[in-house]
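Notes follow once the structure below has been shown.
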Amino acid sequence: MTVYLLAGGGTAGHVNPLLAVADELRAREPGSTILVLGTREGLESRLVPARGYELLTIARLPFPRRPNGAAVRFAPAFTRAVGQIRRMIAERGVDVVVGFGGYAAAPAYLAARRSGVPVVVHEANASPGLANRLGARVATAVGITFPGTALGPRAEVVGMPLRREIATLDRDAVRDAARAELGLDADRPTLLVTGGSTGARSLNRTVVQVAERITATGAQILHIVGGAQEFTDPGVERYHVVGYSDRMELAIAAADLVVSRAGAGALSELTAVGIPAVYVPYPVGNGEQAVNVRGVVAAGGGIVVADADFTPDWVLAHVVPLLSDPAALARMSEAAASVGTRDGAARMADLVRDAVASRPSRPAVRR
């Protein structure tokens, strides 16, 4: 039976597609062995074992961004990580390494290459990260979420691998049950606010300032503030605050409108289910979130606003009227669904299994 090593993690944006592909591979080949490579600090340390997969860990190795002491220490630490992963590959008889970006992916790509094991890469964002740019150079196959992502001639659009709970979600059928389970009223317009697995301080700060004025219109708010954020619940009626949700499918099903960052994972989940959204791209980094959101905004399924412009006045002028306009929300829902995809996990699993099948035989490990 096949032994798969899936590498990636850190945030939900890396962990969720990894788990989606793992679930798809397990469903297709129940006797296979699926190992996950990550770090002890990442979200994978909790979610991977909870999903029933074995987690192997290496030290967290951020790529150095400037020539300093950390850069000097990086090279030997990276070399040690590659060696550690090569031993894992040999000892566990790994047949293919599948990388999703993040701290664990880059050394896994090199370890696989040096061990003669095929590499398959999935890139979630429109603008690829450093690890996956490296991985694409040695990969047998590359799956991308957005058309136009620059990862070489082997790149193929597969969409975002989504967890089965999202990919099979019938929003209309489960909305009332989802609201009941979350403690929400069944018939009120519902705004979901989420900044991703680590939260979004500026979104949190703005929404809490206008929560009472939003709920005064008769709406209700489910606000996922993120486990890493310091936040005080103001105690406003119909303003429901939680730190982190392991059941995002319930939160999504309950929502009429979402305010969210524009990470590829969140965006792909919302468009797959056809949820209208206000996207506030993360203003730091390489700008990939602003690129991610272009397609859904052009289709009419979302609104984009810069982080600096996402103020209480902006929310009152744009979010509140939209939340109370069912016809506009219905049009946005249809447009969002037109750019979403639900079968990314299946498409990605096809690439992985093709890579395994095309491998002629297990070569000797190069020392």
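Counting starts with 1 at the first residue shown.
Cβ atoms are placed via backbone N, Cα and C, with glycine included.
What Swiss-Prot lists as UDP-N-acetyl-alpha-D-glucosamine binding site is T11, A12, G13, N125, R163, S197, Q289. The Cβ of A12 (UDP-N-acetyl-alpha-D-glucosamine binding site) has 21 neighbouring Cβ atoms from other residues within 10 Å, across all protein chains displayed.
Under the DSSP three-state reduction, N125 (UDP-N-acetyl-alpha-D-glucosamine binding site) is assigned to coil, being neither helix nor strand.
In the three-state DSSP classification, A12 (UDP-N-acetyl-alpha-D-glucosamine binding site) falls within a helix.
Local packing around the binding-site residues T11, Q289 was summarised as the count of other Cβ atoms within 10 Å of each Cβ; on this measure the leading residue is Q289. All protein chains included, G13 (UDP-N-acetyl-alpha-D-glucosamine binding site) registers 26 other Cβ atoms within 10 Å of its own Cβ.
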